[in-house]
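Presented below is the structure to which this report refers.
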Amino acid sequence: MITAQGVSKNLQNLRNQTPLVHNITNYVVMNNTANALLSVGASPVMAHAPEEMEAMAGIASSLVINIGTLSKEWIEGMMTAGKTAHKRGIPLILDPVGAGATGFRTQTCHQIIKECKPDVIRGNASEIMALISSDVKTKGVDSTESSENAIELAKTLAKETGAVVSISGPVDYITDGASIFTIKNDIPLMPKVTGMGCTASALTGAVAAVCTDSLEAAATAMAIMAVAGEMTLPLAKGPGTFQAHFLDALYSMGDKEILQYLKL
Ligand SMILES: Nc1ncnc2c1ncn2[C@@H]1O[C@H](COP(=O)(O)OP(=O)(O)OP(=O)(O)O)[C@@H](O)[C@H]1O
Ligand SMILES: Cc1ncsc1CCO
Ligand SMILES: [Mg+2]
């Protein structure tokens, strides 16, 4: 079970421990994601050079691999960091950005899953579905499916890989193949800001660093996103001001807001 109290406790642990989160992420969101991690209370580093992947993943408390602006040169670094994380037993999060848009992305995700064994896979509905079904296409990085439609394939993906699967959308579903958690905060401005899903994956890495249960960690991160989104909505005039207020919400969120806004 995920509860508002559990989310509060995990957030407090995160702020107390300020875990180092190693992100191999895309050029679009590097800045936003680092700021979101700082705002919530984690310590971010963005690094992708193959030469330093063993060392950086070697000191981090968790690793987030995001394939958003993938190239052949980056894959080597991802594999080295991913294997280091797995060997050290630190949480590994995979964001399969654009899986189902191109075979290159889908195949790279399969390689990472096979060789690095992520603890959590967090993506939008069609990205998650494309990792199981070659019939599903993604519109660049945007989902072509509703999160409801992805539930069954997400459970299959979780059972086949041993990873918790976290599907984002107007309703989020987080499953380990047996249990499923639901977060029902629909915030229409969130998909109008690029990289909110990438932020969700980064926060999943931050929470997983302080919470050993991957299902609880993944659900907590989506809950923090949802509460921050609700706090931001009345303050934002549009996508531009949404971004700034969203960081403030991550920074100022307390037990009261979690209790008031979280819709499970
Ligand atoms: N109506 C909505 N549609 C999509 N996401 C929403 C909506 N309301 C809230 N969200 C939240 O927005 C965040 C981003 O979800 P989304 O599914 O857009 O990710 P994504 O497609 O991977 O995004 P990106 O690729 O831009 O990083 C999640 O935390 C999700 O819960
Ligand atoms: C727009 C975009 N393109 C590649 S990564 C990215 C950020 C959102 O996923
Ligand atoms: Mg995404």
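The backbone N, Cα and C atoms fix where each Cβ goes, and this holds for glycine too.
Residues near M46 (substrate binding site) in space but far in sequence (CB under 8 A, at least 6 apart, same chain), listed by position: N23, I24, T25, M30, T33, A34. In the three-state DSSP assignment, the secondary structure recorded for M46 (substrate binding site) is strand. If you look up TrEMBL, you'll see M46, G195 marked as substrate binding site.
For R122, S168, the entry in TrEMBL reads ATP binding site. R122 (ATP binding site) has a Cβ environment of 32 other Cβ atoms inside 10 Å.
Selection of the binding-site residues M46, R122, S168, G195 by a Cβ distance under 6 Å from ligand 2 yields, in sequence order, G195. For S168 (ATP binding site), the same-chain residues that are 6 or more apart in sequence and have a Cβ closer than 8 Å to its Cβ are R122, G123, N124, A125, S147, G197, A200, M222. Mapped onto three states, the DSSP output places G195 (substrate binding site) in coil.
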